[in-house]
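The next block holds one structure in the form of structure tokens; read it before the comments.
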Amino acid sequence: MDLSRRGFLQAAALTAAASGLTVACGGSGSGGTKNGKNLTLWYWGGALSDKVVAEAKTHFGSAVTLTAASIGGDFKQKLTTTLAAGSSVPDITGIKGEDMASFLPNASRFLDLNDLGFKKISAQYLGWKAKLAQTGDGKQIGFPIDIGPTALFYREDLFAKAGVATDPDKVAALVRTWDDYFTLGTELQRKNPGTYLVNNISAVFNIAVGQGTQRFIDKNNHFIGDQDHIRGAWTTAVRPYTLGIDAKINDNSWNAAIGKNLLTELGAAWHALDIEQAAPHTKGKWRVCANPAGPSNQGGSYLALPKQCRNPEEAFKIISWILSPANDARGFTDAAIFPAAPAAYTMPAMTGPDAFFGGQKVIEVFGPAAKAIPDSYEAPADAAVMAPYMTELTNIEAKGKKPDDAWHDAVSQAKQIARRQGVN
Amino acid sequence: MTSPPVTGPAAVPGHRGGPGPARFRPRRATPAGTTARPRRRGPLSYWRQYLAISPFYLIFAAFSFFPVFYSLYLAFQRWDGLGTMQFVGLQQFRFLWDDPVFWLSIRNTLVIWVLSTVPTLFGALMLATLLHSVRRFKGFYRIALYLPNVTSIVAVAIFFGAVFSNNFGLVNAILGTVGISPVPWLSNPWLIKLVIALLMTWMWTGYNMIIYLAGLQAIPASIYEAAKMDGAGPVRTFFRITVPIMRPIILFTVIISTINGLQSFSEPQVLFASNAANANLGGPGQAGLTTLLYFYQSAFLNNDYGYGAAIVWAFFLLIIVLVAVNWRITQRGRKP
Amino acid sequence: MTTADTTRPAPRARRLRRPKGLTAHLVLMTAVVLSVFPFVWTIVMATNTTQDIYKSPPKFTFGSHLLENIRHVLNTIDFFGSMLNTVVVASVTTVLVLFVDSLAAFTFAKFDFPGRKLLFGTLLLFMMLPLQLAILPQFILMSKIGWVGTLQALVPPALANAFGIFWLRQYIENGVPDELLDAARIDGAGFFRQYWNIALPMIRPALSFLAIYAFVGAWNDYVWPLVVLTDPDHVTLQVELAQLNVGHTTDYSMVMAGVLMAALPLVLVFAVFARGFIAGATEGAVQGT
């Protein structure tokens, strides 16, 4: 056949395939308009009340167009990647409480909310929560959305069966310390054969560590995970295992166990929904009381403004409106978000009785707990350093590893991770 | 162009035509390598060939080469993904050498790989042979057996988690009816690996079966007729004819399965993700922590991108050694 | 192989078909049951409530909540919009993969040119490198060319997968006889004609498989689309589905309904492309092309 046509075919086919690249090279990398009229908000399902977000759109509609994107999957990875690349960065973004510490070393990627007026309203929010989103030199990166004050959920019916007091205040008095709690557990188990006090010992450890003011790394960037406060939490966590009141649930069977053979459950306010969802047939049988040995915090997120924010003033207005105590309280009704603004705790949205807990007004437990959570310092590498303790506690349960051996392995592992992360 | 494909993907060597024209590459005519032959043309005269592979290589360079070397660069840095990088030399690799979790993850990966690849490929070949031999329901079998590969991994993981659950699982419930006490499927280190391997076997057997089937269908029926004439039974036929002819395809699947099997990651991740109280990956005792999962944890959860890159590169070297050994073994069997 | 053993002592019984066929069908049916079981269970989950799923032992019968779960899915996410996006991306990706890979594979399999071994070796080597770490550099690249947030950003990384070339080269090398290409050349067919008119029709079964592989891969791809699709109005099905699975509590029956709805088109595509295998060598040898 004629050469030209053949050549043309080849060329056409190849250009068709490669055209993407050539065209692309001419494309512009601009990140959008700079007039500050369009703002994007990234959050994940359940981080904010969708209704409040929708209202924010109309409330600020005259000034800016707010586009809210609820993002599924690994939120942190997506945020880190876009921040690192510096394009398509949202104007407002959520940050999960457990990720906040790791974003703090890169505070320069975000705006200091104190400059925008957070200082004036910060008294409305729990100090310990706001402080966790603050750098050493006082830059405020995150605006607190919610918190996760922990408490003790317990099965009123099984307590009654064992002849133990069932009134939340009385139970709280019975479990003032961890030891009291475990002693009560052995007694409950004797009267309710086949039941267990705790779900697994990692959960106990997690809460016990959170009850203190120090965690695994101190403010001078020293590893302190081998010191008494951690050792104490560890010893506490191992107790239910040695007493035989640990259900050792480390797989997915929690969902099936929760309505069945667990006497109590330690968890944050939002955990109530998990229980309700997994065991709807136990409605009315649960109660909540103060956490043994005091509350700690689990979870709870922030909103932040990345440096690229196209209209900082307006964006700050939007987040302070979304997270105003009144709107925050609605988050509790809509999405079981426990507000970080104590003023919300007295609002009708939060003070009503909860049928799942037999009509108990759970805010009476969680409200005081929220305010009693201690100030603590969480280093950027904290979560990474904590991981080996969890692994080793699981090893005790799954493999019957000797608790002392597990402790030594956990500490040596943690030290290694700490060194890797630049902790000395 | 009416000539039918007389030879399959793995045609018996020895009845191919003579050497083609210069530009043509008669494969077997150049066993000593192309350099032995006097080259008559410069590289430019091969522009058609280069043009033909260029679309792929352009994209490949941008989206594989560049990122891969970028990650090599990262392995010598300390970097949290956002801040400034800090050159640390070989420090990450020294950490790696001393890190028991890294070595545990390697052991886990290898065990899971062997436990899944062997039954997968064996089962796939067996099913493909059977499927090739039957006449009815072919289409139905093919679709039904390939289904696992299109099923969402999330659904599969939930399913396996529920079926093998220690306390409430179906498997233990069945075992219970015959008086066997509950087996800790999801907490015993070996059983965890077994369950993950089962999941992978389930997902990939049908896929490999299709590959084998494509190979089998290309073997001319005349070869089998001839074997039958010689009085060879099905077993003999299978081992003397099917397996040798299929050898390149089998080698191909072994390599692909090695690559995929060693990169197992999402299976253990989703299988043990439901454990919200525990931030660790890989289940109790980290028995399901594969190397890639450890990489994921280090880079994306612990923000230690340099260490993550070091893990990937150390592991990469290991895979190369394994594939080379694999190749050697399979090639050696070919000689006699 | 145990099945084959039983048929052995019947050397010349007319066709041997019956007993062998029966055992083969038995084994295949068992495999089918094992294969389909979790898929069926997905349907079971999708037709029940989440509480039923976590019963112990789990409920294994179909429920009556399918429509309700589907309604939930449709109310929560933009299912059809994202599905349309996915169909477009997966189709474009598949077509390009088929073309680009077959062209390169044909060249590698049938022609010798300087650097061939080196280039092909690199492919194999890079297949072994896990590309999870590549997400960041890929994203930076995409933002440089301004494709972040667009659907076309999903195509190039999918094209950079060497599996297709590896697979097709394997097939073409032995499946397309040199004599045929020789003959065509003598008839005056150039490089592209040899590829298009001779090689391509002969490797249809291999192409069908690659098509399925590429389509399923593009359909189920999750991490890269999640990161690169920054515009909430332009996301793919898997990213959208992940929305169902968030929050402190997961409505699994709804998730499974979504998963099911997302998998059905795949099964359909497979059923269509799987016909390509029938058109493969066995039958083809009789009919010619």
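Glycine is treated like the rest: Cβ placed from N, Cα and C.
Pulled from TrEMBL:
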- C:83-273: domain 'ABC transmembrane type-1' (DOMAIN)
- C:21-44: transmembrane segment (TRANSMEM)
- C:83-106: transmembrane segment (TRANSMEM)
- C:118-141: transmembrane segment (TRANSMEM)
- C:147-168: transmembrane segment (TRANSMEM)
- C:195-216: transmembrane segment (TRANSMEM)
- C:252-274: transmembrane segment (TRANSMEM)
At a threshold of under 8 Å on Cβ distances, which of C:21-44, C:118-141, C:147-168, C:195-216, C:252-274 pairs most often with the transmembrane segment (C:83-106)?
C:147-168
What stretch in C:21-44, C:147-168, C:195-216, C:252-274 has the biggest tally of Cβ pairs under 8 Å against the transmembrane segment (C:118-141)?
C:147-168
Spell out yes or no: are there three or more C-beta pairs under 8 angstroms between the transmembrane segment (C:147-168) and the transmembrane segment (C:21-44), with each pair 6 or more apart in sequence?
no
The transmembrane segment (C:252-274): which same-chain residues, six or more beyond its ends, come within Cβ distance under 8 Å?
39, 42-43, 45-50, 52-54, 65-66, 69-70, 72-73, 76-77, 79, 83, 87, 208-209, 211-212, 215-216, 219, 237-238, 241, 244-245
